[in-house]
Amino acid sequence: MIHNNAKGCVKNYIFVKITFMLNPFFLTQHLEAGTDEAGRGCLAGPVTAAAVMLPENFESKILNDSKQLSEKTREQLKPIIEELAISFAVTHLEPIIIDEINILNASLKAMQECVLQLNPAPLYIIVDGNRPLLSKNSFKKSSGKIFTDKETEILHSIPNTSIIKGDSKYLSIAAASVLAKTYRDEYMNKIHEEFPMYNWKKNKGYPTKEHREAIRKYGVTKYHRMSFRLLPEQLELDI
C-alpha cells in the first residue's frame, strides 16, 4: 500500500503484508471433513492423525499448515478449532502398530479411525497428500482385519479426495494439521519425562543429531520405531 503525503509532497511507502484466508471448502459446504497426520518421519512416538469438520461460517486468516505456524500460534488455534468445529477427532497409533503395518498404512489407519469417530458423519472427506484415504492395504495387518466389515463399509461410503499440500490450501485440513501436531507434541512432552535423555520435549522424536546420538549411547525404548533406520549405519537396531 502506498500512502501519499500531500502536505510535503513526499511519498511514504508503507508495505503491508496481506494475509489471505485458505479455501473454506473443496466440494461442499455441508459436513465436509479435512484430515491430516503428524509425526510420520519420526524415529520415536506415535503417528497422530486428526479429522475436523468446520461450520460454513468459519473464518480465519491465521490458520494454515501447522508447519508454517509457530508453536505459540498453534497452541492459540487449538482451543478455537475445538470450540468452533462441528466435530473433530484425534488418534495416536503407537510404534508397535507402525512396525507391523508400516508407516504409510499406519498414517492412513489413523486418519480412517478419526473419520469413523466424527459425529455427525461427514458427507465428503479431503485428505492431505497424494494417497487415497481408502488404500486397500490399510484395512489389513498381518494378524487380520483392522476394521470390522461395518466400519469398512462406512469408510467406503464416504467419497474422498487427496490434495497435495492440502494443509496450505483448505481450512479443514489445516485445522486437522494443527490438532494432529499439538496433540502429538503433548504426547511427546509427556513421554519425555519418562526418558529425558532423548530430549523428546525438544526434538519430538524426529531424527535430529542429538536424538540419534542418544540412541547410540542409551539404546532404544518401547517408544522407538524398530522398522525405521534409527542410526545412519544400519537399517534397524538389533535389540
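Heads up, the Cβ atoms here are built off N, Cα and C, so glycines get one too.
Just so you know, TrEMBL annotations never went through curation; they're auto-generated.
If you check TrEMBL, you get these features:
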BINDING   Asp36, Glu37, Asp128  divalent metal cation binding site
DOMAIN    30-239  domain 'RNase H type-2'
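Counting Cβ atoms from all protein chains shown, Glu37 (divalent metal cation binding site) has 27 others lying within 10 Å of its own Cβ.
In sequence order, Thr35, Ala38, Ala49, Ala50, Ser107, Met111, Val127, Gly129, Gly166, Asp167, Ile173, Ala176, Ser177, Ala180 are the same-chain residues whose CB sits within 8 A of the CB centroid of Asp36, Glu37, Asp128, the residues recorded for divalent metal cation being left out. Residue environment of Asp128 (divalent metal cation binding site) contains 26 other Cβ atoms, counted within 10 Å of its Cβ in all protein chains.
Long-range C-beta contacts of Asp36 (divalent metal cation binding site), restricted to its own chain and to partners at least six residues apart, with a cutoff below 8 Å, comprise Ala49, Ala50, Met111, Val127, Asp128, Gly166, Asp167, Ile173, Ala176, Ser177, Ala180. Model confidence over the domain 'RNase H type-2' (30-239) is summarised by a mean pLDDT of 90.
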